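Student: Pasting a structure below so you can have a look.
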Amino acid sequence: MLSLIKLPRVFTINQVPKVFHEDSIISGYRHPRSSATDCILSLFQLTNETLNIWTHFLPTWYFLWKLVTVVLMQTAWQDSFTWPMVIFLLSCCIYPLASSCAHTFSSMSVRARHICFFFDYGALSFYSLGSAIIYSAYVFPDKWVNSSFHQWYIPIAVANTVICTNLACYSRLGLPFLQYNHDTVKRFPEHQSPKFSKFLRVVAFAFPYLFDSIPLFYRVFLCVGEGCTDSDTNILHYYHIALAFLTGFLFATHLPERLAPGSFDYIGHSHQLFHVCGVLGTHFQMQALEQDMVTRRPWLLNHSIPITFANSLGAALLCVLVNLTIIILYSLPLLSARVCQDRKHHRSPKKPSAKLCPCS
Ligand SMILES: [Zn+2]
């Protein structure tokens, strides 16, 4: 039966357009105009994307199981105190799912690659808001509860997701319509200036993470004396924070493959480690938050800002709507299908082009 399925061949870096190149990864590239079936088959064939896909696809199910447990066991819809946990768990399901889909289908075409990763960035932004909503509800140190910063924390976090998604999408091709459309890129495209694009993306994700973590960092690193919420949960927060910084370090440095280009093409390159550390970080973050939710509940219900539709589900819905609009705006110039498809028909599938056209 297996012999009936012909797995697609893989390519070296010189055989695919520059836009598909990954720093210090030499082999294992899929065809840059793979069919959807080939993309799905590549889950079961060792390419340089296979473990990127699985390292986020499997955790999606684990996080989904956690979400279902909370929704069903704690009858979340009746208890507004658990809404932030539901939103956070939902964001924890969406970001690895969007990422595994992006890694699966990014080799269908150049424009599919850009659009896939626009969605990936939007999902990460939503995860940052999920974290902010739950930090506001369960993590703020006693001292800061009900402060002006606490009151403004979620609105600022929503605004940050808009900045983050915009900046991350901008890092690929520039501004839609103004700097690129279906056949031209007026700004530098990512593959001509990968370091600057990478810098923008690191800023886009580090900035909301650092902002969201201000109350947590204050609580676990700086606060002394009364009102610091010093509990056993802090050790779980330390694990999460350490893993979050390791995740950022791997993303920014491309280690270990930079030290030995070609040696980690299939197993062990930085993006796989980045996914694994990110998921482990989320796991410890989740455990810490579950513990804070249970142990601080009575005190928070008496002293903290009440959890309402506006500061939980409403903020999440607003974030989804605005971020989807941003993603659509950045994708629209690439979706001028007629021109792109006309070009496709005139190209040999064996000789992928490295031209600037973002829709090739
Ligand atoms: Zn990824």
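Each residue, glycine too, has its Cβ placed from N, Cα and C.
Keep in mind that what you see is a predicted model, and the values were worked out from it rather than measured.
Copying in the features that TrEMBL gives for the protein in this structure:
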type	residues	note
BINDING	His103, His271, His275	Zn(2+) binding site
TRANSMEM	60-77	transmembrane segment
TRANSMEM	83-105	transmembrane segment
TRANSMEM	117-140	transmembrane segment
TRANSMEM	199-218	transmembrane segment
TRANSMEM	238-260	transmembrane segment
TRANSMEM	309-335	transmembrane segment
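What's the neighbourhood like for these features in this structure?
Tutor: Cβ neighbour count for His275 (Zn(2+) binding site) (all protein chains, 10 Å cutoff from its Cβ): 24.
Tertiary proximity for the transmembrane segment (60-77) is limited to same-chain residues at least six positions away from its ends with a CB under 8 Å from its CB atoms, namely 83, 85-86, 89-90, 92-93, 96-97, 100, 282-283, 286.
Taking Cβ pairs closer than 8 Å, the transmembrane segment (117-140) reaches residues 81, 84-85, 87-92, 94-95, 97-99, 101-102, 106, 150, 153-154, 157-158, 160-161, 164-165, 168-169, 172, 201, 204-205, 208-209, 211-213, 215-216, 219, 285, 289, 292-293, 296, 300, 304-305, 307, 311-312, 315-316, 319-320, 323-324, 326-327, 330-331 in its own chain, all 6 or more past its ends.
Under 8 Å from some Cβ of the transmembrane segment (309-335) lie the Cβ atoms of residues 80, 83-84, 87, 90-91, 111, 114-115, 118-119, 121-122, 125-126, 129-130, 133, 136-137, 154-155, 157-158, 161-162, 165-166, 169-170, 173, 176-177, 180-182, 358-359, all in the same chain and six or more residues away from its ends.
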Student: Starting from the Cβ of His103 (Zn(2+) binding site), draw a 10 Å sphere and report how many other Cβ atoms land inside it.
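Tutor: Taking all protein chains shown, His103 (Zn(2+) binding site) has 26 Cβ neighbours within 10 Å.
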Student: For the transmembrane segment (199-218), could you work out the same-chain residues 6 or more beyond its ends whose Cβ comes under 8 Å from its Cβ atoms?
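Tutor: 121, 124-125, 128, 131-132, 135, 139-141, 144, 149-150, 153, 156-157, 160-161, 163-165, 167-168, 170-171, 237, 241, 244, 248, 251-252.
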Student: So for His271 (Zn(2+) binding site), how many other CB atoms are inside 10 Å of its CB?
Tutor: 21
